[in-house]
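Annotated features, as they stand in Swiss-Prot:
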| type | residues | note |
| --- | --- | --- |
| BINDING | GLY162, ASP163, SER164, SER187 | NADP(+) binding site |
Amino acid sequence: MEIISGSQIAQEIRQKLKEKNEREGISPCLAMILVGGQKEDLHYVGLKEKAATATGGKSRLLHLPEDTSQQELMAKIAELNQDEQVDGILLQLPLPAALEEQTDEILAAIRPDKDVDGFSLVNRGRMSGDRPGFISCAALACLEVIERFFPSLAGKKAVLVGDSFDLIIPLATIMIKRACQLSVLPSYEPGLASGADILVVEKGRAGIVQAEGLAPGVLIIDAGFYWGAGGVCGNVDRAALERQGFEARLLPVPGGMGPILIAKLMENLAQAARQKR
């Protein structure tokens with residue numbers, strides 16, 4: 001089984017982007033907003049700060065108290081919208097429980113041309129048409145891997161498992177536009193992925209995906225994330241696939257989607273900076 005290194009792909013993307021930014025003389029600025037947050041949230045923000053620096057850009061972190069109100073948060077977003085030194089704005093999710101139901105409304109306050117995460121309803125809506133906008137970094141990360149093995153999706157059979165607004169829905173929209181034979185499932189069942197060239201599993205449970213029902217040579221993208229006794233794991237039982245000698249290509253958890261997602265965020269950030277010129 002071929003294990004795909006998300007870290008290696010991300011490094012390639014960052015290096016190319018750094019060189020392009022240097023040639024064009026741009027140093028994009030990413031403003032990140034974190035409301036409250038746990039240790040893991042600070043870790044993810046730190047990874048994005050490092051990626052911005054590694055690609056020739058810079059970042060700001062606005063760390064607000066856990067009890068920040070919706071009005072206070074949206075006022076901070078309005079300030080960043082007007083700040084011409086800021087090219088992209090990222091709201092670290094999830095928000096605290098008191099703000100969680102207002103997530104879409106708060107995301108909508110970010111100017112679409114600075115919404116480098118592609119999370120706002122405006123950018124999500126543009127996906128269904130041909131208007132330019134920012135695509136979710138999770139969907140772009142998946143597409144980056146898929147295109148390395150399938151430059152053309154026409155006639156390929158793909159199965160996506162999940163219903164998320166940041167991965168499954170935008171990725172499905174892109175794949176349909178490229179004439180892919182697509183099935184989107186709410187949950188994973190081995191028989192329903194039979195014959196798939198591409199399998200993306202976001203929704204499920206730890207280790208649910210094994211060789212049963214899968215075609216040899218399938219590209220599997222694990223987009224699950226669970227904490228277990230042995231650390232972080234995903235939907236794919238990698239050990240079982242390796243024991244069985246199953247022929248597949250796997251983007252695993254950990255070390256798969258995460259690094260690529262952040263690298264694609266940096267590409268969106270650079271695009272936002274270019275559009276201001």
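For all residues, glycine too, the Cβ spot is worked out from N, Cα and C.
Its Cβ placed at the centre, GLY162 (NADP(+) binding site) has 22 other Cβ atoms within 10 Å. By the criterion of other Cβ atoms within 10 Å of the residue's own Cβ, the least surrounded of the binding-site residues SER164, SER187 is SER187. Maximum C-alpha to C-alpha distance over the listed NADP(+)-binding residues GLY162, ASP163, SER164, SER187 is 12 Å. Over all protein chains present, the Cβ of ASP163 (NADP(+) binding site) has 15 other Cβ atoms lying within 10 Å.
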